[in-house]
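A.B. asks: From TrEMBL, here are the annotated features:
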type	residues	note
REGION	1-67	region 'Disordered'
COMPBIAS	15-25	compositional bias 'Polar residues'
COMPBIAS	40-51	compositional bias 'Basic and acidic residues'
ZN_FING	77-105	zinc finger
DOMAIN	77-105	domain 'C3H1-type'
ZN_FING	109-132	zinc finger
DOMAIN	109-132	domain 'C3H1-type'
ZN_FING	160-188	zinc finger
DOMAIN	160-188	domain 'C3H1-type'
REGION	192-211	region 'Disordered'
COMPBIAS	199-211	compositional bias 'Basic and acidic residues'
Amino acid sequence: MTSSPTSGRFARPTTPKSASNSGTGNVFVKTGPNTVVRAELIKNKTTKRAEPANSVSRTKEDEYKSGKKPKAAFKTKLVNKYCTYYHKYGRCKEGDYCAYKHDPNRVEVCKLWLKGSECTLSNKCPLQHVESAHLIPYCRHFCKGMCLKDDCHYTHVKVSKRAPLCKDFMVGRYCPAGMNCRKKHEWGLYEEPTETESEAGKKHDRDPTEDVIEREKIKKLREEMANGVNPFAAGWTFIPIDD
């Protein structure tokens, strides 16, 4: 009598990969040679691992399809410098996410308002409409003693003719000293002074001979005006300024 390969004492036992317990209704899955795990636990574990990855990929895919730029996390001011775009245009596309500092007091002054013209944007203008010695250059006509505009917005401060240019004002467009700065506030390209100019700046602002000549001219003009003579009849060749 021949026995079947699956019968007898030499038959190899077969273990199913999955089996169910009729009493509890649970399904078990074989994960190793001697390990059987409930199928529900494996399903929950794989789902938890897959959900975050799938959700992130779908979010990024949707953002790229819609053309929207994904927003980064809020940044602190990582750079101890002021934002050039915000101070020049009054706006910054990065907004609160910009790593540079935004100071409303350093925003440039509207050029139309500064020249006395009417600003087309009015209250919606992102630039400033205020008189500030920290931002506005010195009035050249006032330095010469002949500013005739009552509504002049430029800063009226007298500085020496030989005063150096203010680097903070020209490079950064803002001078912390404001009215107390003894240097020239002008708009333009800043160049470092040469050694000759630096040595000349350390000396007296003016040659003593120039002071003597100017005092003599002022004395002569006052004598002529006292005698009824108009010294400016031929033109404005010299304007006396009392310091």
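We count from 1, first residue shown onward.
Glycine too: its Cβ is placed from the backbone N, Cα and C atoms.
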A.B. asks: Which residue counts does DSSP yield for the domain 'C3H1-type' (109-132) in the helix, strand and coil classes, in that order?
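C.D. replies: Looking at the domain 'C3H1-type' (109-132) with DSSP, the answer is 7 helix, 2 strand, 15 coil.
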A.B. asks: Looking only at the zinc finger (109-132), what is the mean pLDDT?
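C.D. replies: Averaging the confidence scores along the zinc finger (109-132) gives 87.
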